[in-house]
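Everything on this sheet refers to the single structure shown next.
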Amino acid sequence: PVKIGINGFGRIGRMVFQALCDQGLLGTTFDVVGVVDVVTDADYFAYQMKYDSVHGKFKHSVSTKKSAANLEENDIIVVNGHEIKCIMATRNPEDLPWGKHGVEYVVESTGLFTDADKARGHIKAGAKKVIISAPGKGDLKTIVMGVNHEEYKASMDVVSNASCTTNCLAPLVHVLLKEGFGVEKGLMTTIHAYTATQKTVDGPSKKDWRGGRAAAVNIIPSTTGAAKAVGEVLPSVKGKLTGMAFRVPTPDVSVVDLTFLAAKDTSIQEIDAALKKASETYLKGFLGFTDEELVSTDFVHDNRSSIYDSLATLQNNLPGEKRMFKVVSWYDNEWGYSNRVVDLLKHMTSTK
């Protein structure tokens with residue numbers, strides 16, 4: 001098995017680990033040898049894994065034990081018989097013991113080391129490759145599985161899995177381009193579940209005053225680079241898309257609203273048919289399709305990147321016009337995204 005390290009065992013770090021377990025990859029294709037966080041209390045990590053307020057109970061056996069180097073507290077998690085070392089976080093990834101543990105791939109999910117040069121600290125520590133589970137900066141490739149993953153080359157040492165919102169939006173745009181509709185320009189809004197960066201009650205947030213307001217009782221306008229990031233994945237739409245976010249009082253599942261001007265005349269029926277076909281063929285497993293009256297909780301723990309809502313498609317065209325449309329697509333911003341990190345791991349390890 002390829003040896004994996006996870007730096008940051010928060011929402012996404014734990015969900016990536018759970019996805020590896022649920023896909024039957026732990027101990028077969030991959031061996032997670034270490035997880036890094038600000039504590040090394042394996043009992044607490046095990047508790048967090050066993051019980052999740054959104055995704056329910058962990059489906060695998062979990063226990064803990066002491067390592068030979070630490071007889072004061074349990075610092076090893078044992079999942080389905082496989083041992084995972086709990087490692088204390090450092091301010092500099094170069095100081096992590098990846099070389100000692102033989103780690104080849106690191107999932108960087110702290111949200112702190114999104115710059116390519118900082119992420120390369122993991123490589124200086126002994127790892128070979130780094131996947132940043134967030135939008136990345138600097139000299140790196142941004143990958144959206146199902147859209148541009150074939151552009152990955154084995155020579156790339158640091159890649160970004162983009163954002164959960166980009167993973168939802170990019171498949172929609174990919175279909176519009178591939179099926180010949182084109183995108184002349186577009187505005188995206190994501191109605192996004194609150195996340196750990198927000199406040200439970202009103203608090204200080206100098207850079208984003210509105211972002212400092214209580215997450216569970218407010219609809220909070222926010223910025224997002226997700227639409228612009230699609231231009232990094234699909235260069236033909238670079239500069240044509242922008243957008244914003246509204247953080248809303250739900251703990252999980254978000255939805256993308258893309259309003260766009262097609263490059264040629266078309267219809268809702270043609271767009272529907274193209275997205276349905278893509279969901280069953282070249283984007284199967286990444287793009288979904290629904291024509292039922294569903295709401296956000298219906299998509300909790302859905303492992304697809306983007307689930308197009310056929311009933312929500314709209315057009316606003318004057319007589320003789322057939323180019324302005326709105327499409328809507330759902331996504332579990334935690335679980336769908338974490339499964340894409342695992343898919344990217346599988347793709348990278350199989351690319352020679």
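Glycine is no exception: its Cβ is also placed from the backbone N, Cα and C atoms.
Note: TrEMBL annotation is automatic and uncurated.
A C-beta separation below 8 Å, combined with a sequence spacing of at least six in one chain, links CYS164 (active site, nucleophile) to SER254, TYR331, ASN333, GLU334, GLY336, TYR337. If you look up TrEMBL, you'll see CYS164 marked as active site, nucleophile.
Residues annotated as NAD(+) binding site in TrEMBL: ARG11, ILE12, ASP37, ARG91, SER133, ASN333. The Cβ neighbour count for SER133 (NAD(+) binding site), using a 10 Å radius and every protein chain shown, is 29.
Model confidence over the domain 'Glyceraldehyde 3-phosphate dehydrogenase NAD(P) binding' (2-164) is summarised by a mean pLDDT of 95. Residues annotated as domain 'Glyceraldehyde 3-phosphate dehydrogenase NAD(P) binding' in TrEMBL: 2-164.
Annotation source TrEMBL lists site 'Activates thiol group during catalysis' at HIS192. The number of other Cβ atoms within 10 Å of the Cβ belonging to HIS192 (site 'Activates thiol group during catalysis'), over all protein chains shown, comes to 23.
Each of the binding-site residues ARG11, ARG91 was assessed for Cβ neighbours inside 10 Å, and the highest tally belongs to ARG11.
You'll find the Cα of ARG91 (NAD(+) binding site) roughly 30 Å from the Cα of HIS192 (site 'Activates thiol group during catalysis').
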